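Some notes on the structure that comes next.
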């Protein structure tokens, strides 16, 4: 089975070209096993070689024809036998490290020299020996190349080391690794234990991720709550208490600070009364000063230590989960600075939320813990299963909604979501929610953020205002997306982008100055949303939204209770309208700044304000006209018929759906968020109306729009390619241009190095000859650089005139330097399509198979290559957009 080909062998999954992959030399076992190539059903192309059927008996000291020139540094036979008995040696040194954790490098990103590792001895010769991750079953010597830097392909745009992964190759690598472990279980008890550990390592990893995510979310919630209240005052008896904890004995309302004697406002700290002009001015000044301090700290930390910690992170998480690598985006520094900066930016009073960044924080945790398990840490495709579960845990701890978190990961962020990932995501979200509930950061006995206690059923007539709220949510969401994109483009292409900290301070100052006079905008947004969701009761006299006069009016033999709005309600409606437009404008300018910033809470707030106002209007309509036929039998029960808080909840879902275009996960998050399970139908009606209107007015949600704005190479699986172009129309080069190829046996080392120098392709097709361009395979640029560099350093006689062979054929007469045989880095089964393949099929292949490139042939002859960048540019051109905005190299 020496000729067993497997797609994608030896491609580096890790970040860019800076890491050096582990190549395996095929040192046959010295126990005399015979490998007959003629028994293999996998043979090379008949035009590629003519000597693939001879039986060769190999030993440790007598290399076969394939091993005449080996690019691997040799160890002595005793060293090989000493280190070739355990699979763990392969696990430690077989693949390049991952892109996100910056392992093997110092703080500045310089690479540290890796150690040479040994591969295990083959004990099961009947298992395929040629795998995508090296010939680990064939006694090969695993190694890393030298620590000297080699040719890097610089990234384009914002991220210097942007590269895609090969999904098929990584999944095949994991499948071969799993087969090896299953076979090894029969050898010893230790191998059986290792096999069991490998089987349950995924569950253990998501368990650790869930525990850590719950703990970090609890700390962020508690810290943000304390610092937010610090802008208003302090608890002298215990300064680490926030206002609610300080005033627990009195249980005062958020509108009534006078009933709490233990909480001191800043005017009281300076010896003044709570009320009065002087107290108001001092409170105003301290409010703005604390906000500026928190915002400056947050922006400075992000700029100095972790530039990737800004924003919500969800667009980048979607890009990473689709198979792209952004080095450092999920690293430990990003986790630390994002957690601290999120507390500071929320406490500054900026119009942003901490729920979206929780997904980024949880994904960082998932990336870090995945390195404890080589099964995931060294396989980028497998690691994305952990990252999908971590994203679910992020939403779970953000809202206390574990089921909604799983659906959010499935619907919104994950690109590859097999069934086992669904179960592990559910388990991870469950553990995270349990840990968060144990910390009780919400200050109540419930694990949800906005628990409500509605007991009034909704009536059929209310579907009309619910759908109206959905329509308005779609309109508001689309307007916000367009306005925010316009401002982000201006920031990106103007001098404003050069002063991120100054922009944050200016927006914070404006936010504090205009938000403090309005009591609704002055308070924390979570508190305001909870206030808008709440149901008014006769005893709730401190809330101006509940300033009603209740009158019993008799209609024949029955009576109903009419609630007449008082002046507090009308004043509150005016303040809420002002708060709506202020928050909408501030969110446009805030989202995208260089601080951790989420969008869930601002969207929920905008919708809750709109819904509460609509709910009050519907309530007054029903009580003013109780005898209308649509209310027959509904308005004469003596109880309140309309609940304005329910309209606030539906409106919040509508605007959030209009901004993000979520549907199923949104409904589940909302009823988990509030505990209102009985109101699923109103939420569904509003969510669907919001999505329909939003899709009619604008094609993309906010996260997809920011992916497009930043030029991230993302092929959305939800979009359809409806054009009639063919593969020949998209392939590079065109029919009348020259294709850069490598011949299988006629190019020298100098020729290939010149090709690498003059071109910037990530890989090259290997053909029979220039005149006879039948496809042999595909080789990666990184593999060529590493192989040639190692051959020159470790093999005597290799120079620029050495012929490079991608075949098993040995030249009959070779008077020059010894040839360099690189067949083992050749992908002998690349994905190919014909020139007449519809581009609709090609695009689906790139989306569903996670391809890096596909080769275009005609009657077996190579015509060109289609890369993911070509596909993205073609899609842009067909949609009449600028194709040069794609940043993928």
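Just so you know, glycine gets a Cβ as well, placed from its N, Cα and C.
It should be emphasised that the depicted structure is a prediction, and the values quoted were computed from it without experimental measurement.
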Of 422-439, 440-457, 530-547, 548-565, the range TrEMBL labels transmembrane segment: 422-439
Per TrEMBL record, range annotated transmembrane segment [choices 261-279, 356-374, 622-640, 641-659]: 641-659
Residues of the domain 'CBS' (826-883) by DSSP state, where helix covers H, G and I: 23 helix, 18 strand, 17 coil
Stretch-level contact, the transmembrane segment (599-621) and the transmembrane segment (422-439), CB cutoff 8 A, at least 3 pairs: no
Leading contact stretch, 422-439, 501-520, 569-592, 641-659, 666-689 vs the transmembrane segment (459-481) - CB distance under 8 Å: 641-659
Paired segments the transmembrane segment (386-410) and the transmembrane segment (666-689) in contact, 3+ CB pairs under 8 A: yes
